[in-house]
Amino acid sequence: MLKVFAKPGWVITAVAVIAFAYLAFTVLAPWQLGKNARTSERNHNIEMAFEKAPQPVGDVFAADGSLKVNEWTRVELRGHYVPDAQVLVRMRPIDGQQAYQSLLPFRSDSGQVLMVNRGFVPATPNVAPVVPQPPSGEVSVVGFARASEQVPSNPPVQRDGFTQVSGISTEEVSGLTGMDLGRDYVQLAQDQPGGLTAIPLPQLEPGPYLSYGIQWIAFGIMAPLGLLYFIRAELKERREDELLAQQASTAADAAPAAEGAVPTQESAAQASEASDGAADESAAVSKAQAPSEDSRQAPPRRRARYGGRQDHFRHISDDQQRF
């Protein structure tokens, strides 16, 4: 019976179910749960950032410009912008609107050079962006410590008098400007010197990632259980078919024995003659025991008034009974 599951259809189905369950547990569920963990961590860091005062740059960034604390920590910079090394980020919508973000090196009083995201300006089709110049003197700005992105796959372009990139990568901007930038960067808060329209902070919502991760785990469990259900149903159906076939075979074997017990025509005739003889004998006995019709009839009455003549009224009564 189990040989049926060695057929290609069952084998392919089993392999597909096992592969899907493996991917659900090892790739898909961890992917969504990881996004949920990162989103929760980001929300927590943003909430904590507003509970503390801005930190000095030396407490937030290491000597190579990498973060020493959690991302989104508020940091204070003192120094001046390097206006001749501006790079624009294109293809980054803000609240559903196309915009350009301005990246500019900032040299701190300690001599460390960090990249600063000044904010954004709206993008108008077929119109060159207008980006205000930063102040030339020394300023103090407050922003959020951010981790650098990977180098984008799209190459930088020269357009409308600006060098434009598609990602916020300090490595790429460092190569384009020829400046030794720190590994991570600062995103300016609202209303800062040299800042543009501030980039909105992410909404502090967990998102659907946790439920998606749980769903992938559930799918990974349900897929093998579904396969087991269909295997059980197949076995049950085959057992029922075998039982019906066995019952049909038993009924076919019992049919000849039942036919042998049917009486022949000769025996049926003998039985009929015997029955008829018994019936005749019983009828004769009953006739002998029953009184005759003449004996049951009363002697004819004679009307004494008319001598010995017969009673005609009796004949009339007999005729009425006959009809």
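Cβ coordinates come from backbone N, Cα and C, glycine included.
As written in TrEMBL, here are the features:
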type	residues	note
TRANSMEM	12-33	transmembrane segment
TRANSMEM	209-231	transmembrane segment
COMPBIAS	246-284	compositional bias 'Low complexity'
REGION	246-323	region 'Disordered'
COMPBIAS	308-323	compositional bias 'Basic and acidic residues'
Under an 8 Å Cβ to Cβ limit, what residues of the same chain, 6 or more beyond the ends of the transmembrane segment (12-33), are close to it?
5, 209-210, 212-214, 216-217, 219-221, 223-224, 226-227
Counting only residues 6+ away from its ends, which parts of the chain sit with a Cβ under 8 Å from the transmembrane segment (209-231)?
5, 13-14, 17-18, 20-21, 24-25, 28-33, 35-36, 39
